[in-house]
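What Swiss-Prot annotates here:
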type	residues	note
DOMAIN	80-202	domain 'EamA 1'
DOMAIN	233-357	domain 'EamA 2'
REGION	1-33	region 'Disordered'
TRANSMEM	69-89	transmembrane segment
TRANSMEM	97-117	transmembrane segment
TRANSMEM	131-151	transmembrane segment
TRANSMEM	156-176	transmembrane segment
TRANSMEM	187-207	transmembrane segment
TRANSMEM	222-242	transmembrane segment
TRANSMEM	252-272	transmembrane segment
TRANSMEM	286-306	transmembrane segment
TRANSMEM	311-333	transmembrane segment
TRANSMEM	338-357	transmembrane segment
Amino acid sequence: MRPQDSTGVAELQEPGLPLTDDAPPGATEEPAAAEAAGAPDRGRCWLCLSSPCCSRTEPEAKKKAPCPGLGLFYTLLSAFLFSVGSLFVKKVQDVHAVEISAFRCVFQMLVVIPCLIYRKTGFIGPKGQRIFLILRGVLGSTAMMLIYYAYQTMSLADATVITFSSPVFTSIFAWICLKEKYSPWDALFTVFTITGVILIVRPPFLFGSDTSGMEESYSGHLKGTFAAIGSAVFAASTLVILRKMGKSVDYFLSIWYYVVLGLVESVIILSVLGEWSLPYCGLDRLFLIFIGLFGLGGQIFITKALQIEKAGPVAIMKTMDVVFAFIFQIIFFNNVPTWWTVGGALCVVASNVGAAIRKWYQSSK
């Protein structure tokens, strides 16, 4: 799922990991996707639906698609799958968001273990990169938990749009930690994103006490907002760490740390909160399986899109996450977004598209 289940896209994106240079924005769900296009080739893998494996060298990863627009189609399909996964998270109201994260970690672990064994990369990683792998795992899984909580406590469209603020934090963190340039254009996109988030949150000191269009109380809306912003911050931190590690760490090893530490973190949090519960037979258990399946499918297709298409067009097409979130909110929850939400979404999407076009233009020089 999006995170960029945050990817770690952000997280497999987590929901909402952004694409600034080499990873798509918003999706949560899935931060390791950006890394996939640059990891070393180790052989063939069934997970990627093609051969050779998704972890390929950079020159190979950018080869032309078999047919024009295939990479954009993969991106659109990925956005749809992540959005459907988010819908199922919203539907599972009787299971805590952290427990949903734990189930997804277990599901992904069952997929990653045979891949690591097949690729013979080990389960620990290079000595000098282990601290970064640990940070990537903790921050990425935290981003996933927070976005799942946001999905459960506020409208699907609002939570999705706010997670698309992640590229703003990525630019700032990269400027501070990696000494990357922070240009006036980045500052302008930051202003657009902040404006969009304010329009969605509608703080009372600016908009009064009007809460029309919110499917929950304002306190619940505010909790979801903080969770979504927190998810965007942690997803951005994860992407900066992935950039720091570069291509020295195998793609699946990065995911391995994410799912293992995410599961440990989930167990600790659930034990402290006393929120352990066995999902009811029937739809809830089916939804949990679908969350894992659609999150995995979304990650596979965003990875393949980044292999055969430039990052800029992928980032622009990835904004379809927001469109699907609006459609699902109207169809499945009978909740028509307000004009404030639409205006906020346009500001955030415009910021993401502008940043993607600028990066695309710079890379084509």
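For all residues, glycine too, the Cβ spot is worked out from N, Cα and C.
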Exercise. With pairs closer than 6 in sequence left out, are the transmembrane segment (131-151) and the transmembrane segment (252-272) joined by 3 or more CB pairs under 8 Å?
Worked result: yes
Exercise. How many helix, strand and coil residues does the domain 'EamA 1' (80-202) contain under DSSP?
Worked result: 100 helix, 0 strand, 23 coil
